[in-house]
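Chemist: Take this structure, written in structure tokens, and hold onto it; I'll ask about it next.
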């Protein structure tokens, strides 16, 4: 048997392997170029971009927790115009699909961002963040109400012909209802899960540790929740699902594929090991070789229940 085929396709975007980087954990790509080969991963997903630059939340805004971390960065970013002028030129030189994550505080901002990105051939697709739990206005509302989510996705769909991935929040009662609303509105793929809203308290000070009070929980602690939600959504929709949540190893990634994910995103692992995404992709290839599996796509949704 020759080398196994790790390629997958998500919303018309061809990936050399199923491993993408999760937004907010990989900067704009260049920051990690010294630590791994950007042409050995499936796709680069940028930090979440807004219309105007954003300073983010006051510190402290990160705290380690058992099995993960809480972050309340507050979607700090350079803004869409600076991204296009300063960050995109480097990404043009990399032969790996670039997917831009975007978020707005209003419906109109989502549409405006999509229109600006629609004209850029080097942007392979958009990932719409309707689910970030640490912003005091905007995202949380869109991400937890099916009608609001439908409105946002519909507007972005009208504003671009690019492949459209919608990132879902786990902070909902019925994730399948949210998934269906986004697909009905025109999503080409769904990525899940974003972080779970959490809190950490300092007993001595009797105060929250994070200046923002609450933050997003990520890392291995959320993996069982993520697997369950990916499995539920993958059975309910006809578009590709991208699994996110506590993926630290190739084993984790392959478990998400069995649950129904076509691709995965690596997030918190990038902070612990900046070469994690490449290491996970290589580990997946090794697993296929050792188990005589010719094509990684054989594993998608192959969970025996």
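Glycine residues also receive a Cβ, built from the backbone N, Cα and C atoms like all the rest.
What Swiss-Prot shows for this protein is this:
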ACT_SITE  132  active site, nucleophile
BINDING   23, 47, 48, 101, 129, 167, 193, 219, 245, 246, 267, 268  FMN binding site
BINDING   47, 71, 72, 73, 74, 75, 129, 194, 195  substrate binding site
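If you look at the structure here, what lies around each of the features I listed?
Modeler: Counting every protein chain shown, the Cβ of residue 267 (FMN binding site) has 26 other Cβ atoms within 10 Å. Secondary structure from DSSP puts residue 267 (FMN binding site) in coil.
Neighbour count (other Cβ atoms within 10 Å of the Cβ, all protein chains): 29 for residue 195 (substrate binding site). Taken residue by residue with DSSP, residue 195 (substrate binding site) is part of neither helix nor strand, so it is coil.
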Chemist: Measure from the Cα of residue 47 (substrate binding site) to the Cα of every one of the binding-site residues 193, 245, 267, then give the nearest.
Modeler: 267
Chemist: Between the binding-site residues 47, 72, 74, 129, 245, where is the Cβ count within 10 Å the lowest?
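Modeler: Lowest Cβ count within 10 Å among the binding-site residues (47, 72, 74, 129, 245) is 74.
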Chemist: Over the residue list 23, 47, 48, 101, 129, 167, 193, 219, 245, 246, 267, 268, recorded for FMN, what is the maximum interresidue Cα distance in Å?
Modeler: 20
Chemist: Residues with Cβ closer than 8 Å to the Cβ of residue 23 (FMN binding site), same chain and 6+ apart in sequence?
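Modeler: Residues satisfying the criterion: 45, 46, 47, 48, 101, 127, 129, 167, 265.
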Chemist: Rounded to a whole number, how many Å is the Cα of residue 245 (FMN binding site) away from the Cα of residue 74 (substrate binding site)?
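Modeler: About 19 Å separate the Cα atoms of these two residues.
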Chemist: Between 48, 193, which of the binding-site residues has its C-beta surrounded by the fewest other C-beta atoms within 10 Å?
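Modeler: Fewest other Cβ atoms within 10 Å, among the binding-site residues 48, 193, is found for 48.
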Chemist: What's the CA to CA span in angstrom from residue 74 (substrate binding site) over to residue 267 (FMN binding site)?
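Modeler: Each residue's Cα considered, residue 74 (substrate binding site) and residue 267 (FMN binding site) end up 16 Å apart.
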